[in-house]
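Look at TrEMBL and you will find 31-50, 62-84, 183-206, 226-253 tagged as transmembrane segment. Sequence annotations record features per position, and here TrEMBL assigns domain 'Palmitoyltransferase DHHC' to 139-263. Annotation comment: TrEMBL describes 304-329, 350-429 as region 'Disordered'. Under the heading compositional bias 'Basic and acidic residues', TrEMBL lists 314-329, 375-396, 412-423. Look at TrEMBL and you will find 357-369 tagged as compositional bias 'Polar residues'.
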Amino acid sequence: MAGKRVYEAWKGSNKFLFGGRLIFGPDARSLLVTLLLIIVPVIIFCVFVARHLRHEFSSYNAGYAILVVAVLFNIYVLILLFLTSSRDPGVIPRNLHPPEEEFRYDSSVSVDIGGRQTPSLQFPRTKEVMVNGHPVRVKYCDTCMLYRPPRCSHCSICNNCVERFDHHCPWVGQCIGLRNYRYFFLFVSSATILCIYVFSISAFYIKVLMNNDHGTVWGAMKESPASVILMAYCFISLWFVGGLTGFHLYLIGTNQTTYENFRYRADNRFNVYNRGCLNNFLEVFCTKVKPSRNNFRAFVQEEVPRPPPPIISRESEQDMGGDPRSKVEDDLDIGEDLLKISQRRNIEEIDEDIRSRGSNGPLHNTSEVDSALGSDRRAPTIRSEARHSSEGRSESWEIASEVLANSNLTESRGHVASKEVRQKLGGSF
């Protein structure tokens with residue numbers, strides 16, 4: 001069974017059509033309103049204005065050109081609208097994991113994990129990159145888990161990071177960015193020209209009606225109310241699309257985006273992207289459009305699980321070898337207690353054996369033996385390390401050389417004492 005395609009598992013808010021071939025913003029329905037605002041006035045113009053002007057120009061039926069130009073130019077505007085709203089504006093793919101090379105430990109901030117204080121992993125929120133020889137600060141995006149390239153911003157509507165983000169246009173239902181800004185400007189400027197064309201031809205038709213049996217403007221307007229409506233509509237639209245065209249001409253000439261202009265206008269920042277008016281226009285209109293970073297129709301590749309980055313706390317460092325002395329001392333204390341018990345038993349057996357052999361001797365000899373044994377009891381503390389066998393049950397103790405020397409001294413003293421006892425016993429008999 002085939003896996004999911006990229007557009008089916010897309011985490012942004014985009015809408016896809018025709019198997020991921022077309023990408024729109026989440027507000028793509030507003031595109032229908034834009035289509036009606038363009039198509040309906042042109043249809044009214046062709047039916048009620050351009051059709052009556054077919055025979056006003058006798059030479060070569062030039063009046064038909066008015067109708068043809070209106071239809072073709074309207075189709076051209078619709079194509080530009082389609083290219084603006086249905087293509088990838090420059091979405092940067094999200095990372096599946098944060099950039100590991102940017103991990104750093106923040107010892108001042110800790111999180112309780114199992115009752116232990118563990119330093120939390122932090123990311124530098126910004127870092128600097130060089131653009132045209134000038135440092136530019138870029139920000140880290142928590143949603144996309146990447147450092148945004150220069151002039152990139154995260155669109156809260158589409159929930160994507162977009163290269164050279166200009167703005168999100170609700171009229172086209174799409175973000176305006178690196179890969180569709182050219183088409184957006186051509187769409188707005190072409191819509192402006194279309195409005196001027198419809199307004200001019202409608203006014204010309206009013207003039208024609210005034211010359212044909214209607215001497216006043218009011219009479220001509222009563223004869224063709226559609227022309228009056230179209231003129232009013234185009235006049236209002238020109239304030240919107242015309243003003244937008246003029247504003248973006250200024251932005252292109254200074255190499256700014258709408259986002260940068262509104263956000264950094266009061267800062268009076270030096271524009272590191274400005275390369276001169278002519279070069280700025282060439283950059284927008286005469287450079288090749290970069291290919292999309294996303295293949296929405298590709299199959300999603302299964303992610304190989306990776307272990308989480310190690311989080312080393314102070315306690316874990318001690319357990320892993322940061323300060324092993326405490327653990328060794330604990331083991332030695334346990335060995336010391338066990339060896340004391342074993343040593344005590346050996347001394348008691350030696351004492352009992354000597355007493356049994358010299359039970360008939362004088363008391364002072366016994367006291368010498370006791371003093372010798374007492375000196376042995378005051379031997380230095382024995383530290384040893386338990387070493388487990390392969391079965392994990394048998395134990396052997398390695399006794400220090402100093403302890404072995406003390407043990408031999410004890411045995412020799414006991415042997416001399418027992419010899420003296422036997423000699424005295426023999427002499428008495």
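Any Cβ shown, glycine's included, is placed from N, Cα and C.
For the domain 'Palmitoyltransferase DHHC' (139-263), the DSSP counts in helix, strand and coil order read 74 helix, 17 strand, 34 coil. This prediction places the mean pLDDT of the domain 'Palmitoyltransferase DHHC' (139-263) at 93.
Here the transmembrane segment (226-253) has long-range neighbours at 37, 41, 44-45, 47-49, 185, 188-189, 191-192, 195-196, 198-199, 202-203, 205-206, 261, 277, 280-281, 284, meaning same-chain residues at least 6 beyond its ends whose C-beta is under 8 angstroms from one of its own.
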